[in-house]
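This is the structure I have questions about; it appears just below.
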Amino acid sequence: MSSGGLLLLLGLLTLWAELTPVSTRDRPKFCYLPADPGRCLAYMPSFYYDSASNKCKKFIYGGCRGNANNFKTWDECRHTCVASGIQPRIASN
């Protein structure tokens, strides 16, 4: 296979890995933590993974403390925590 073909294959595999949501058994443990706004009073719209509904939901992060189940974007939350085969919509609290 030519170097151009190998480069194309590598690019396609990388794209596939980025677009494939995580499977249930590979989900990080922090995805099961509850939403935690922290102790500070900033107003930072964020997303957390709700394991009961298998959806990423909006919440307001205060800017400090909290926990690792806190994502700046819905896509980041979905790619990290949502089980494969399910394409949930953005859900509000």
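Sequential numbering from 1, following the chain as shown.
The backbone N, Cα and C atoms fix where each Cβ goes, and this holds for glycine too.
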Say which of Cys56, Cys64 is recorded by Swiss-Prot as the disulfide partner for Cys77.
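If we follow Swiss-Prot, the cysteine bonded to Cys77 turns out to be Cys56.
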Say you check the Cα of Cys81 (disulfide bond) against those of the disulfide-bonded residues Cys40, Cys56, Cys64; which is nearest?
Cys56
If you count Cβ atoms within 10 Å of the Cβ of Cys40 (disulfide bond), leaving out that atom itself, what do you get?
12
